[in-house]
Amino acid sequence: MTSATIPGLDTAPTEHEGLLAWVREVAELTQPDRVVFTDGSEEECARLTEQLCEAGTFQKLNEEKKPNSYLALSDPSDVARVESRTYICSEREIDAGPTNNWMDPAEMRGIMTDLYRGSMRGRTMYVVPFCMGPLEAEDPKLGVEITDSEYVVVSMRTMTRMGQAALDKMGTDGFFVKALHSLGAPLEPGEKDVPWPCNDTKYITHFPETREIWSYGSGYGGNALLGKKCYSLRIASAMAHDEGWLAEHMLILKLISPENKAYFIAAAFPSACGKTNLAMLQPTIPGWRAETVGDDIAWMRFGKDGRLYAVNPEFGFFGVAPGTNWSSNPNAMKTIEAGNTVFTNVAKTDDGDVWWEGLEGEPDHLIDWKGNDYILRETETKAAHPNSRYCTPISQCPTLAPEWDDPQGVPISAILFGGRRKTTVPLITQARDWQHGVFIGATLGSEQTAAAEGKVGTVRRDPMAMLPFLGYNVGDYFQHWIDIGKNADESKMPAVFFVNWFRRGDDGRFLWPGFGENSRVLKWAIERIEHKADGRSTPIGIVPTAQDLDLEGLDVDPEDVDAALAVKPEEWRQELPLIEEWFEFVGEKLPTGIRDEFDALKHRLAEEA
């Protein structure tokens with residue numbers, strides 16, 4: 001079949017020649033039955049969800065409990081990002097760096113072109129125009145995803161500003177990121193489809209110089225919703241490096257003091273370390289309020305006043321379900337309860353609602369994420385997959401900040417780095433200056449979670465929580481962070497803090513209650529910015545004492561707070577060779593400034609001996 005005979009190609013609602021040529025090229029290669037240009041309308045979404053229900057991909061949930069919401073159960077082999085099959089195919093291997101898989105781009109294009117050949121046969125090819133961040137931005141970042149997955153189209157409508165408005169923004173010659181996705185599951189005439197088509201062979205490939213994404217074989221969110229990690233972090237980080245800004249794996253939180261002064265905080269935590277919970281914080285300190293700007297990604301650019309301004313490029317939440325409940329994150333629950341949500345790989349109750357581990361109430365009987373009968377307490381397996389998700393519109397969040405859609409972004413007062421560490425790292429530490437803050441982010445370590453492949457529980461270095469998402473060499477990335485500070489007025493730069501909500505006592509208990517009580521820790525950070533709070537100088541930075549924190553009304557053992565804030569030089573001396581090992585892995589591109597900070601830390605720890 002030539003492109004001339006594929007229905008839908010001749011009715012494109014655009015005169016963008018570059019886009020039309022690409023669509024024709026992909027259609028000729030992948031051989032779909034038809035081509036559809038998506039418009040993002042309610043009618044289109046309703047039509048696609050009906051199709052997905054008929055195909056068995058979606059199960060309609062109880063309309064009274066979860067209005068206009070659906071459950072999808074994936075193939076058991078397609079449940080998470082596949083870091084082992086994710087590539088940065090820069091022209092030079094050194095530009096991908098040691099943290100990324102690399103292949104020569106010409107070789108990769110050859111392999112994937114062969115895989116794409118005929119891969120959409122029997123399916124519809126959707127052309128999905130989208131914008132990351134507000135459409136009215138000075139420099140809107142546009143993209144087009146071509147996909148053969150209705151699940152992807154529906155999810156992209158939730159997660160991005162998708163449809164005709166984005167297409168119109170491109171005009172006749174505007175630049176856009178090309179994002180090509182195929183499930184790799186062609187259908188022969190008369191062949192019955194499966195509810196979750198995918199392929200055992202998977203590639204998620206990025207070409208940073210040409211700003212292209214090619215994904216094959218997976219229908220799962222992070223591998224298939226190409227506006228998310230692929231564009232917003234991997235390709236955008238390469239763009240940011242070239243253009244002098246930052247594309248980061250960070251939530252954006254608005255904290256409002258009793259004096260009604262607003263502070264915006266960006267925070268980088270690895271997956272499943274409480275990012276969404278903090279983004280939707282409910283402060284427990286009287287008079288303080290919090291609002292949400294974003295829960296996962298922040299793009300930070302300098303404003304005309306010399307400060308860093310952040311936008312959330314996303315339009316929805318793609319959150320981890322297990323552990324989300326009315327106690328840990330009531331605002332996430334309210335967002336989900338409002339409806340219009342797609343759940344993936346959670347369990348289903350007998351009355352057509354959803355359930356996952358950590359949710360209040362334990363039904364006697366469930367259908368688990370594999371579609372099997374499940375009796376709680378009779379098995380050690382999980383009813384919901386540990387990386388099961390909800391995909392829901394950000395506009396439904398009850399604590400959404402009015403500035404969330406501001407094309408200028410919001411001015412960032414503080415940047416937090418944090419991971420999941422049982423020992424060593426105190427509840428909060430303030431960096432001495434910008435470069436010291438970059439060192440803290442560059443050496444961030446966290447225990448492995450279920451959001452990625454690999455052994456759960458082992459500590460891995462996750463610089464700025466960007467390890468799986470860097471679009472270029474990690475050493476160049478650290479230098480870019482240092483340069484961002486060098487080229488700015490440091491007095492206008494955000495203060496940098498290092499937090500750890502997860503420290504445990506010798507008996508294995510969490511020392512800090514976390515969740516809403518984290519507002520007490522953030523209050524200290526804000527007061528440090530305002531020069532109103534004390535802290536003690538330690539070898540690792542400025543750390544508060546228990547007396548420096550507002551603990552009024554908190555029922556917690558004072559000894560636990562002291563232990564959560566403790567800086568133990570002997571533990572940090574054990575950390576030094578692990579950092580050294582990490583730097584050896586980073587290799588020759590490790591910036592001198594980072595090495596200088598490490599040497600200074602060693603010196604300060606030696607003085608504590």
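We count from 1, first residue shown onward.
Placement of Cβ uses the backbone N, Cα and C atoms for every residue, glycine included.
In Swiss-Prot, the Mn(2+) site is described by His249, Asp296, and among Lys229, Lys261, Lys304 the residue recorded at this site is Lys229. For the substrate site, Swiss-Prot records Arg81, Tyr220, Gly221, Gly222, Asn387, Ser388, Arg389, and the single candidate of Ser41, Ser182, Ser271 listed with them is Ser271. If you draw a 10 Å sphere around the CB of Glu517 (GTP binding site), it holds 18 other CB atoms from the protein chains shown. Within 10 Å of Gly222 (substrate binding site), as judged by C-alpha distances, the binding-site residues found are Lys229; the full candidate list was Lys229, His249, Gly274, Thr276, Asp296, Phe515. In this view, the densest Cβ surroundings among the binding-site residues Arg81, Lys229, His249, Arg389 belong to Arg389, judged by other Cβ atoms lying within 10 Å. For the pair Phe515 (GTP binding site) and Ser388 (substrate binding site), the C-alpha distance works out to 21 angstrom. Between the CA atoms of Glu517 (GTP binding site) and Cys273 (active site) there is a gap of 16 Å. Cα of Lys229 (Mn(2+) binding site) to Cα of Thr276 (GTP binding site): a distance of 16 Å.
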